[in-house]
Amino acid sequence: MTRQSKDPNGTLMMSRRGILLGGATLFAGTLAAALCPTLSLAAVDAGTQGQFMKLSNLLIQHQLSPAVGARIADTASGEYKKLPQMLDAIIAIAEKKNAVQVEDFFADIPDGELKDFAHWVISAWYSGCSSEKRNATVFTYEEALTFKTTSDVVTIPSYGISGPNLWTRPNLPLSAPMPRF
Amino acid sequence: MVTKNSADVVIVGTGVVGVVIAEQLLDAGHSVLMIEAGPRVTRAEVVENWRNAPLGVKGDTSVAYPSRLWAPHPMGGEKPEDAYLQFTGPDAYDQTFIRYAGGSTWHWAGTSWRLTPEDMRLNSLYGVGRDWAFDYDTLEPYYVRTEHKLGICGPSDRSQQWPQTGDRSAPYPMPALPFSPGEVRFTEVVKTLGYNNIPVAQARNSGMPYDGRPACCANNNCVPVCPVAAKYDAETALHRLEKKGATLLVDSVVYKVETNAQNKIEAVHFYDQHKETHRITGKLFVLACNGLENPKLLLMSKDDRNPNGVANSSDQVGRNMMDHPARTFTVTTKDPFWSGVGPVVNSGIMETSQGAFRSEHAGAYFRYNNFARNRFVTFAALKKGLVGKALDDEIRRMAACTADIVAAHEILPDPNNRLTLSDKKDWLGLPKPSINYDVGDYVRKSWEAYSQPIGKQIAEAMGAVDIKISPKFNNSKHIMGGTIMGKDASNSVVDVDCRAHDHENLFIPGGGAMAAGACGNSTITMTALALKAGDAIVEQMRGA
Amino acid sequence: MKTVKSFVLVAPLALIALAPAAAQEFSKELIEKGRYLATASDCVACHTNHDGGKPMAGGLPMASPVGTIMSTNITPSKEFGIGSYSEAQFSDAVRKGIRADGANLYPAMPYVSYSNMKDEDIHALYAYFMQGVEPVDEKAMETKLPFPMNIRASMIGWNMLFRPNETHKDDPTQSAEWNRGKYLAEGAAHCSTCHTPRGIFMQEQKSLNLTGGQVGPWYAPDITNDKVHGIGTWSQEDLVTYLKTGKLDNKAQAAGSMAEAISYSLQHLTDADLNAIATYVRSVPSTKAGETTGATRFDKGTADNDMAAFRGRDYADGLKGDHAGAQIFAANCASCHGYNAQGTKDGYYPSLFHNAATAGDNSINVISAILNGVDRHTEAGHVFMPPFGDQVNAVVQLNNVEVASLSNYLLAQYGNDKLKVTPEDVQVIREGGPKSNMIQLARIGLAGGAAAVAFLLAGFIWYRARRKKPSVLSE
């Protein structure tokens, strides 16, 4: 037993948080499915989508688009036959650690299938794609998180950043704050 | 009068060369029919094709331009045996160009370095290569016309212009574009080494609309497509040409140039996308398919009168294939540079292309690539297994603190660098081009003794903590040679106006005619040659 | 009765006629005053062919629902311009729409507004046009309208009914600034020419002053002080900023004829005059019945996108089905306006939400901005959105179905989600706005010999909308 689970307050807190978080992401997933008719035809049911968003929010502490999440979950269901179980397993690890951020529980995910899947989910959100390869499935371009990490300076290529010839800007040091996203 | 199968002037190809000549002729009152092998698509489609492509292949220039069955062009990721271009020799002449209406300016960076007077007298001054058939002063007015026709921006300060030698008879129509933070820093760094990193003259609307096209808003996507047409590409002219009366046939693959008893060109023949053949007649013909498709077509068109191929009594068609062999230094720095603000190529060191050393080895042009780095670094950062804040920080650090410095070299025209017709056939049954290529000792010597040391010196001055150098010479996708220009019909294909020595009503303007390419990108010179050819055609048609 | 009143009013003016220009030298100050008034009156916008023509030499084709009207040469050329006009003749042309030869001008010339101008200002304008403008000895193209609109005399009856014949009189209950503002706004700056709806005879419906009207392919919106439908939520500074720059961040930007008015005229006025105009315009109440609460056209919509529906898939598939509008937006608009339609951070490229163009009471300006783009010259530079119509420089030539689909996406996602656009609506705007059936009516009327004929003939549109393509540069 871990130290947290012995702490009744901690357990209670975790449960409440887990319920709230789960409910919110479940709702977001369902909403995305309802809002996007093309997405609701996807193989993934709303429950799995909700779990996928819940896991995504545990792995990544940024605002995540439910519509993009539905696209990733759809592909995940094709590539990972045991997707629902894998989602549940990693979420359970996080909840067990009373995790509020990925750093709190990532090391506890066992190497192998589960860890690879967790990396794949993160990679999908950051790159917007299922892989680095030519035949990768693309979930998003504009909302790929890689661009958010540099959005204060760098263009998302093909999208303009300023009025004509008004893009001169200072050379920000690495100590400058990370954009909030 | 123009019909679907005849016109005063028939132009094969709808890239920048064909387009500027077409407009000259239309304005002079001649009928013009243009034939394009590939499709006509909208900018909307190309932009979305690119956005829909996976991040890992976004650097592939062709990804937004899938080739059509009947008009193959090089696509990334093909197996060598399936590829359109076949290679022999020590180096691969691995070009990128597209067979689409509007041609390969769709995905050029817009870089518009003029040749220098010295570049055009390589043999006289340095005893290597070929001299051009005319001097810089002859070409200069056509450079000015090109700068105004395409809308090329550049600095007004003479010390920041290229070339430093030779006169400039008119200013650029628009000012230079602002630098990214990385370009500012790079300029400062190389200054400490005594090098001037100057603004690229580029066919991009700077601070204002030009020619009915909007101003650049720093989409950082010149390659592979400007989403707003702030960069000149020939597609932007097609509707205007049609309004002026041009007829445009697309998905029509010209496979034969037909000569008559006087050995003048009588017609061209093309396949449509259903493999049906058609014949187009005219008074005068322009082949505007650049340095790779033009020689291929001439060689395919051999007949009894022209047993080596049309325009090939000199046996120079397909020879002297040139490019700007390039090496890339991927530099990781301690402090940020920050690429990805403004156009993708916005500055360069050109002075290193010139000097007495050219009797021994090539010069080189150094440029700082200004592409946003995310597409290059994201997967590398992810592979490190980082998560959370550490992952965010690493992507940001790698995007900010890595940079590509490219050294592009001058190559000499070598008759053994030769395009021939391969045994392999494309979908229509036409032979695929095969290119034998060796960048040559002139380039290799430069790399060993000159450009590599300079590149490393620059990288170190940038504060490099790591330098990765591309293991072989890459192609700059600047196709030159192939239908080389000269005064002597026995060792060149076209005359000073890009008219075929062998056929008085056949013009073959563009990069193929260039007798020396120096280090700077070829399009501005191709276009200047097109305008010069256009003047000659208008003059010739007056007597027709 | 009206006939008599007209003649009575004309007579005193004739008495103050001055000698022809050649006989006197005007002072530099007077000429400069005239130049300023000519700028305020925006003469150059119509009387110059901006595609290579000389200033004030005319030759600009202007589309109207009854045919194309060519602007005239108003340089002091004696042969081709107005060089031989006396001041009285000049005054009649400007304030009454009557040429020196007695023929009537078409009210493409906003003499209905200019009729409020004071004699001293007409005098200054005359001095400027005689001695401050370079004479151009070139004949401008003549206007050729179809019968019966080619009968200029048809305007006589219309003028009797609809032309005010009084110059501005100060309202003593209002401030001097307000009076100056009214004088300019209702006169030289001729705001109501576009912003006031037209009646059955194409006359300005003064009872609905500044409540909005269609101007060819554009809609000049309600600029009364109504807090929902007008600009009642704008501060004095907001309105002055807009008049100076053609843009108010996160609210509105000038295109079409308003862009021209700002480029050629309003931005050049003094701050005092712009404040005066703002003071007056902000005092004009709406007389139009409508809801008194609700979101204005300046604060509808939010940042969002629908790209997950098609990203990574085939472009052609994206153009089909429910997400076609979103796909067209992504491919054509988002490159400058942002993938969430949020605009650029510096505000140069506006967001498409919180934007009057997508959230007006009708869809005219959404469609027109797509088809015609934006072209505005101000001190801040040349603002240019390329067109997406059938112009040769259109970035992409969108068809009616595509424009309708895109418009509906923009309206639903970012603006007034109550509006729907059909391909037929797009075609009307593509053709320059609604056509008048007045010619047909007038011909029928003539055949029947009805008394209404005169009025029908008179009913005329003088929209300043141009048929010329504002964003095309020819070689």
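The backbone N, Cα and C atoms fix where each Cβ goes, and this holds for glycine too.
Listed in TrEMBL:
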{"type": "BINDING", "residues": "C:Cys43, C:Cys46, C:His47", "note": "heme c 1 binding site"}
{"type": "BINDING", "residues": "C:Cys191, C:Cys194, C:His195", "note": "heme c 2 binding site"}
{"type": "DOMAIN", "residues": "C:29-133", "note": "domain 'Cytochrome c'"}
{"type": "DOMAIN", "residues": "C:176-285", "note": "domain 'Cytochrome c'"}
{"type": "DOMAIN", "residues": "C:320-414", "note": "domain 'Cytochrome c'"}
{"type": "TRANSMEM", "residues": "C:444-463", "note": "transmembrane segment"}
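Those same-chain residues not listed among C:Cys43, C:Cys46, C:His47 yet with C-beta within 8 angstroms of the centroid of the heme c 1 site C-beta atoms are C:Asp42, C:Val44, C:Ala45, C:Thr48, C:Met56, C:Gly58, C:Leu60, C:Ser71, C:Ile74. For the pair C:Cys43 (heme c 1 binding site) and C:Cys194 (heme c 2 binding site), the Cα-Cα distance reads 15 Å. Comparing C:Cys191 (heme c 2 binding site) with C:Cys46 (heme c 1 binding site), their Cα atoms are 15 Å apart once rounded. Summary of the heme c 2 site environment: with the site residues C:Cys191, C:Cys194, C:His195 set aside, the chain residues having Cβ atoms within 8 Å of the Cβ mean position are C:His190, C:Ser192, C:Thr193, C:Thr196, C:Leu210, C:Gly213, C:Ala220, C:Ile223. In terms of DSSP helix, strand and coil, the domain 'Cytochrome c' (C:176-285) has 55 helix, 12 strand, 43 coil. Across the structure, C:His195 (heme c 2 binding site) and C:Cys46 (heme c 1 binding site) are spaced 18 Å apart at their Cα atoms. The Cβ of C:His47 (heme c 1 binding site) has C:Met56, C:Ala57, C:Gly58, C:Leu60, C:Ser71, C:Thr72, C:Asn73, C:Ile74 as same-chain neighbours under 8 Å, each 6 or more residues away in sequence. With helix defined as DSSP H, G or I and strand as E or B, the domain 'Cytochrome c' (C:29-133) counts 44 helix, 12 strand, 49 coil.
C:Cys46 (heme c 1 binding site) and C:Cys194 (heme c 2 binding site) have their C-alpha atoms 14 Å apart, to the nearest angstrom.
Helix, strand and coil counts under DSSP for the domain 'Cytochrome c' (C:320-414) come to 44 helix, 10 strand, 41 coil.
A sphere of 10 angstroms centred on the C-beta of C:His195 (heme c 2 binding site) encloses 25 other C-beta atoms.
For the domain 'Cytochrome c' (C:29-133), the model's average pLDDT works out to 93. Cβ neighbour count for C:Cys191 (heme c 2 binding site): 24 (other Cβ atoms within 10 Å of its Cβ, all protein chains included). Counting every protein chain shown, the number of other Cβ atoms lying within 10 Å of the Cβ of C:Cys46 (heme c 1 binding site) is 26.
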